[in-house]
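The structure under discussion appears below in the form of structure tokens.
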């Protein structure tokens, strides 16, 4: 079998040296991706296309599908490569190939020709088109918007009968631009923004700020691995996970409610910049869109950018949510994003949309930056290729209950402000307050002879924190959902 890879048009308008470099990199990327399907596969680069030849017919569909997801490819032609003698021979071969496909349809013939011949491309189109029209009674020529377009390519003494054309994702080959670090949360925005930078030729590494235990991290790892495996598997990348619960806890205790969102984002950018510097990455990527939430106003984005010299790229800055969700659906991350948890207790009740620099800096003076340094130092860095095995581990299930027994105590894990605003009172059972960000250090001090029923507003944080406690060896935890 044979495939002809057509280059993304922006590659073809580059200078000769740049174009050759891009084609060379794309050829290497194709080899890296396809070697898993057929080790005997041949990839040959030319000035205006790349040729892929494979022997294992059983892998035809898999190879074709993989090619449509490699950045830098405009479209793929699946072809049958045969010799020919003259125009009539071209017609006979086209008739044998396309007869069934053209019956009862309108059609036109389009020919591309390279090399020296006694005929022009238009002459071949007329000759073959006329012959097909005469020999297939139910077919009819229609030059504008036909049902079927018969594509032929003539190169020297070879005829390429095009059996199918398949669109690629375009863009630049990965590796033609410098590395970036994507701040990935597993939601719609960060997945799409990561894809957009891969499509633009960047090797995308991933940085995840864990706010909710193993279950959330496993979910985000699956998203990152999916994106890499589907669009960027030609290159090795890193997945860096930072336990940000201590930072969130410090913010909730030390920072004014209205400033929390901007301060949290500033802390994330500081941490990600340290990771980027450690690995020689040139830019950060976020999924922020202008005005989508309170921290994404121009004033707040400028204050967030100010904490780091690292370039921050925001490919979705002008996109609306519907457009982002449509893109997520196209690339296959929509289902991941819809099931990714959101966290109660991490969001300000009355966030500022126009933060003042002096006020933000004053709030941050109360923050213990050694906590930030520590979580960055302890960040977990893995090769994304290892995630496939790691994410197969089963997360321990935690029982969810709607009632309670004599030995049960409800543990309200909301933030202090939320507890003050809406105190939880349940008749017939004790309620103890312990904010979620203190569970890792304070839960062991509680009476372990009791069964603790974790509760929060949405039920997401309580489940994730219960999973975390179970992982730490505490079997006396359940989730309370009345």
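Every residue, even glycine, has its Cβ placed from backbone N, Cα and C.
What Swiss-Prot lists as domain 'THUMP' is 61-165.
The ATP binding site annotation in Swiss-Prot covers 183, 184, 265, 287, 296. All protein chains shown were included, and the count of other CB atoms within 10 Å of the CB of residue 296 (ATP binding site) stands at 21. In this structure, residue 296 (ATP binding site) is part of a helix by DSSP.
DSSP gives residue 456 (disulfide bond) a coil state; it is part of no helix or strand. The disulfide bond feature in Swiss-Prot is assigned to 344-456; the stated evidence is sequence analysis.
Look at Swiss-Prot and you will find 404-482 tagged as domain 'Rhodanese', backed by sequence analysis.
What Swiss-Prot records for 456 is active site, cysteine persulfide intermediate, and it gives sequence analysis as the kind of evidence.
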Fill in the blank from the handout: Mapped onto three states, the DSSP assignment of residue 265 (ATP binding site) reads helix
Exercise for the section: Kindly report the helix/strand/coil residue split of the domain 'Rhodanese' (404-482) according to DSSP, in that order. Expected result: 28 helix, 18 strand, 33 coil
Completion exercise
CA pair residue 183 (ATP binding site) / residue 456 (disulfide bond), Å rounded to integer, equals 26
Problem - Where residue 183 (ATP binding site) sits in the secondary structure, as DSSP reduces it to three classes - result: strand
Problem - Distance from residue 456 (disulfide bond) back to residue 184 (ATP binding site), taken between C-alpha atoms, in Å - result: 24
Exercise for the section: Rounded to the nearest Å, what's the C-alpha distance separating residue 296 (ATP binding site) and residue 456 (disulfide bond)? Just drop the number here, would you? Expected result: 26
Practice task
Could you please provide the mean pLDDT value for the domain 'THUMP' (61-165)?
Solution key: 93
Exercise for the section: Give me the non-local Cβ neighbours of residue 265 (ATP binding site): same chain, 6+ apart in sequence, Cβ-Cβ under 8 Å, ordered along the sequence. Expected result: 295, 300, 304
